[in-house]
Amino acid sequence: MKNEEFVESPSADEAQGGSHIVDGVVSLDRAAQLQRGLKSRHIQFLALGGAIGTGLFVGSGQILALVGPVPLWLGYLSMMLVVWIIMNVIAEMTTYLPMKGITLPYFTDRFVDKSLAFASGWNYWYAYAILVAAEATAGGILLDYWETPVPSAVWITLILLVCLALNIIAVEVFGEAEFWFASIKLITIIGLVITGIIIMAGGAPEGGATGFKYWNDPGAFKEYVGTGATGRFTAYWTAFVRAGFSFITSPELIGLAAGETVAPRRNIPKAARRFLARLALFYGISSLIIGAIVPSDDKRLLSPESNANASPWVIGIQRAGIGGLNHVINAAILTSAWSAGNAFLYSGSRILYSMAATGQAPAIFTKTTKRGVPYAAVLATWSVGLLAYLNVSQNGARVFGWFMNISTISGFIAWIVVMITYLRFRSAMEHQGLMDTLPFRTIGQPYATWGILVIVSLLTLTNGFQVFVPSRWNYQDFLAAYITIPIFLILYIGHKLWFRTPLAKKAHEIDVLTGKKEMDEFCANDHPPVAKNWLQKIWFWLA
């Protein structure tokens, strides 16, 4: 069946073979589909590069100081499983309908409900905007490592102004800058993993082999909100929640890029299948090494009680006595924070522009420069980043912690909406007898999604559990942990009451066919490259 709600009336130009726009958002025009430029390596680079950033380089130190090395490691391993399942469900939907211009709120509108899509779109923008502030704060913390006489406010201003310039003035430079920033990020983490293994094995100038001695002294666990088994479990749960910051908006990059990808039904599944292994390589091993080269009681680790200004990687290198490398690594991590803030500003402004273009945000945000830059949306998103100046009157680590909590919970809510969208999509496919037409199916569905939906919901509701302990009550931490939930509910319920939308579309009403025929025809022309020699075989396997 084809639900006409999603198809605009064709204009004269369209009747003559011009552009065909679905719901005013995505393009089915064959000429537009041929303009795709992202190849397999770009997609895999986007997904992986988006998952490696300030959370791993800086936030991991805060988790280590709070709960110890084992909860840090287990928290990252657990979050990797969550992210893998979310990546899978996004890949299934976007591989089925890899139309140009798709966004995840578009799928929510199409498969679930307009009100939920409205709230989801604003939630994404809010998350991206807060992440700009988080990255500027992290940049200020990293720059303070060199103990310059320059105030933090000056560094934050410099970081924010460069991000603004790259997003408004030099749009052509933006993509190239992000490529090189991401390259530095990947090279840095590979180098850090190798360096960490060398330190653990005793190859550093000082300290001999560290191995896992810090698991014995000061200990593998730092009990948190309780003692014994309770304290160890709450330490793990806290690490699980906070590890989410490292992955927020990372799986969504696959969805956003699907409409710009060459051979999407070959390359999107390929990226999704390899995502878990690459996360294990970087996050699984990295979080294990961090807890092995830095003791959890090191005073230089980021914590609300200290004014520390170093990444755990830099601290580990300093402790090992490797001269000069600490400055190189700190500089590389700084570029990562700068890059992430730049990318989040870009993503947030495009989300806001897209919502304005479809009537879900004020029309002023559709205004663009002569070069097509949505400057009003960029300025609105950037202005939220000014919250980074809280770092001037507060401890930098505490402010960074607030932003971590706010953006993490916003990301969790976004993932809950993604999973609900997928379950409704799958329900419609089953009801209409179309499951056999799915080009890509992942393991354990829909049970895996139901399980992860429950887990992420629990993480969202309990992320600030420690503030309810009388001795730990702090209204600032409470707001950082929970303010996002009522904001989302107000957006959702307010839209639903104003527009009187139904709770959700019934399975037989959900349109899963519009665009399917065009995508089938487009993807039928894909012919996988044939390797001519063993070098090409290796390259095609890697990328």
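Using N, Cα and C of the backbone, Cβ positions are placed for all residues, glycine too.
TrEMBL does not curate its annotations; it predicts them automatically.
As written in TrEMBL, here are the features:
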- 42-506: domain 'Amino acid permease/ SLC12A' (DOMAIN)
- 45-67: transmembrane segment (TRANSMEM)
- 73-91: transmembrane segment (TRANSMEM)
- 124-146: transmembrane segment (TRANSMEM)
- 152-174: transmembrane segment (TRANSMEM)
- 186-204: transmembrane segment (TRANSMEM)
- 239-263: transmembrane segment (TRANSMEM)
- 275-294: transmembrane segment (TRANSMEM)
- 372-390: transmembrane segment (TRANSMEM)
- 402-425: transmembrane segment (TRANSMEM)
- 446-467: transmembrane segment (TRANSMEM)
- 479-499: transmembrane segment (TRANSMEM)
Result, the transmembrane segment (372-390) in contact with the transmembrane segment (124-146) (3+ CB pairs under 8 Å): yes
Long-range neighbours of the transmembrane segment (73-91), counting only residues six or more past its ends (CB under 8 A): 47, 51, 60, 63, 67, 104, 236, 238-244, 246-247, 250-252, 254-255, 268-269, 271-272, 275-276, 279-280, 283-284, 287-288, 291, 415, 418-419, 422, 440, 442-443, 445, 448-449, 452, 455-456
Most Cβ pairs under 8 Å with the transmembrane segment (479-499), selected from 186-204, 275-294, 402-425, 446-467: 402-425
Most Cβ pairs under 8 Å with the transmembrane segment (402-425), selected from 275-294, 372-390, 446-467: 446-467
For the transmembrane segment (446-467), distant same-chain residues with Cβ under 8 A (at least six beyond the ends): 81-82, 85-86, 88-89, 224-225, 234, 237-238, 240-241, 244, 405, 408-409, 412-413, 415-416, 419-420, 422-423, 426, 473-474, 477-478, 480-482, 485
Mean of pLDDT values spanning the domain 'Amino acid permease/ SLC12A' (42-506): 82
Folded-back contacts onto the transmembrane segment (372-390), same chain, C-beta under 8 angstroms, at least six residues removed: 125-126, 128-130, 132-134, 136-137, 140, 153, 156, 159-160, 163-164, 167-168, 171, 341, 345, 348-350, 352-353, 356, 364-366, 399, 402-403
